[in-house]
Amino acid sequence: MSTANHFQRILEKLSISDNERAVYTKEAEEIQNYVVDELKRVDKTFRQVFDGLSLGGSYLDRVKLNLPDEFDLHMKLKFPFDIRPTRIDQGFIYLEADLTVINPQRIHRIVLQDWLRNAFRKVFRSNQTIATTSNRVYKLTYTLEGYGCAHTILAVCGSRSISFDLVPAFEFSGSQWPFDICPVPADVSNNWPWFAIPQQKKKSAKPRTTFMVCAPHWEREIMKGKDNLKNVLRLMKGLRDAHARKLPHLSSYMLKTVLLHRLESADWERDLGTLLVEMWSHLVDHLRARRLEFFLAKDHNVFNRMNQNEIKICLENASTLLRKLCIAQTCGGSYHHVAQLFNIPN
């Protein structure tokens with residue numbers, strides 16, 4: 001069996017059946033709808049401004065491995081006044097609102113998160129459980145309380161758990177993109193929205209009012225029709241997951257960003273082994289340079305989310321994995337050898 005077939009087999013091992021995925025997804029939808037309904041019940045303002053949930057992360061890109069037990073959701077908010085994004089730099093923006101008293105006035109990120117935190121706490125003041133239509137009873141807890149970006153809900157039923165990262169977001173059209181360069185073609189930006197999410201900008205003169213751009217739908221659209229791109233991303237995520245302790249804070253979005261920068265330059269029709277070695281090699285190069293440009297704003301370094309020691313550890317261990325991948329690819333290693341790299345039992 002060729003090395004390319006080994007990697008294809010690994011990919012199949014990392015995946016789950018559509019039926020199993022559907023069960024988790026249905027239960028997740030019931031849980032998230034319950035939480036939203038409870039937020040509407042306890043907070044009048046939330047009831048008025050909530051504008052729907054928008055899926056993000058690996059599940060939106062359809063590259064989620066194993067069970068769909070982690071959901072990234074943008075919690076869209078639409079207030080009864082105009083909000084305009086104004087650029088700062090490095091992917092950061094202010095949100096200017098037309099208010100009656102002061103015009104314009106910036107949306108205050110801390111005040112926004114405090115309000116949402118209070119609403120969540122009202123819901124979870126008492127023990128929360130939900131019985132799904134599949135007759136499972138989940139206990140719900142409110143964990144990360146929006147002090148970073150997300151409000152996290154953990155749902156547990158026996159050995160089964162599902163987590164939800166709910167990130168407050170303001171939705172904008174492509175015509176409202178605040179920076180000089182739009183990173184995607186017009187047919188994408190004109191048909192899909194982007195979001196502003198609460199994010200602190202380090203060393204900012206106005207750190208309490210900064211937001212950051214994100215555009216998961218743009219990224220999803222430009223990744224379409226790229227043959228093996230998504231499969232390579234799945235393999236990179238599987239390799240990262242197998243060595244997560246040795247690759248601290250190396251996020252799925254960082255792996256995805258490595259590929260986004262090579263959408264047009266790489267030949268995605270090549271076999272999985274060749275592409276995996278090439279893309280993992282690019283990851284190592286970025287770690288060595290200690291820089292990975294944000295796809296939406298080149299002046300922002302995505303690795304800023306890691307400290308220097310974490311980058312050093314990631315570089316050492318990613319380099320070791322690259323050497324092992326190269327040996328497997330060039331020497332025609334056995335399936336057993338390749339499976340070991342992914343911690344997959346034979």
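Placed from the backbone N, Cα and C atoms, the Cβ positions cover glycine too.
Lifted from Swiss-Prot, the feature list:
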- Ser58, Glu70, Phe71, Asp72, Pro216, His217, Trp218, Glu219, Lys237, Ser252, Tyr253, Met254, Leu255, Lys256: ATP binding site (BINDING)
- Glu70, Asp72, Asp165: Mg(2+) binding site (BINDING)
- Asp165, Met212, Val213, Cys214, Ala215, Pro216, His217, Trp218, Glu219: GTP binding site (BINDING)
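Swiss-Prot feature annotations superimposed on the structure.
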| residue | record | Cβ within 10 Å |
| --- | --- | --- |
| Glu70 | Mg(2+) binding site | 18 |
| Phe71 | ATP binding site | 25 |
| Asp165 | Mg(2+) binding site | 20 |
| Val213 | GTP binding site | 23 |
| Pro216 | ATP binding site | 21 |
| His217 | GTP binding site | 21 |
| Trp218 | ATP binding site | 23 |
| Glu219 | GTP binding site | 24 |
| Lys237 | ATP binding site | 20 |
| Leu255 | ATP binding site | 25 |
Using C-alpha atoms, which one of the binding-site residues Glu70, Asp72, Val213, Ala215 comes nearest to Lys237 (ATP binding site)? Glu70
In whole Å, how far is Asp165 (Mg(2+) binding site) from His217 (GTP binding site) when you measure between their Cα atoms? 17
Ten-angstrom check, please: count other Cβ atoms within 10 Å of the Cβ of Tyr253 (ATP binding site), all chains counted. 20
Return the member of Glu219, Tyr253, Leu255 nearest to Glu70 (Mg(2+) binding site) in space, with distance defined Cα to Cα and candidates limited to these binding-site residues. Tyr253
When you average the Cβ positions of Glu70, Asp72, Asp165 for the Mg(2+) site, which other residues in that chain have a Cβ within 8 Å of that mean position? Gly56, Gly57, Phe71, Leu73, Ala150, Thr152, Ser163, Phe164
Please report the three-state DSSP label of Asp165 (Mg(2+) binding site). strand
Neighbour count, 10 Å Cβ-Cβ cut-off, for Ala215 (GTP binding site): what number do you get? 24
Val213 (GTP binding site) falls, by DSSP collapsed to helix, strand or coil, into strand
Return one of helix, strand or coil for Glu70 (Mg(2+) binding site), based on DSSP. strand
Within 10 angstroms of the C-beta of Asp72 (Mg(2+) binding site), the count of other C-beta atoms across all shown chains comes to 20
What is the interatomic distance between the Cα atoms of Trp218 (ATP binding site) and Asp72 (Mg(2+) binding site), given in whole Å? 16
Binding-site residues near Asp165 (Mg(2+) binding site) (Cα-Cα within 10 Å), from Phe71, Val213, Pro216, Glu219: Phe71
Do me a favour and check the Cα-Cα span between Pro216 (ATP binding site) and Asp72 (Mg(2+) binding site); whole Å is fine. 11
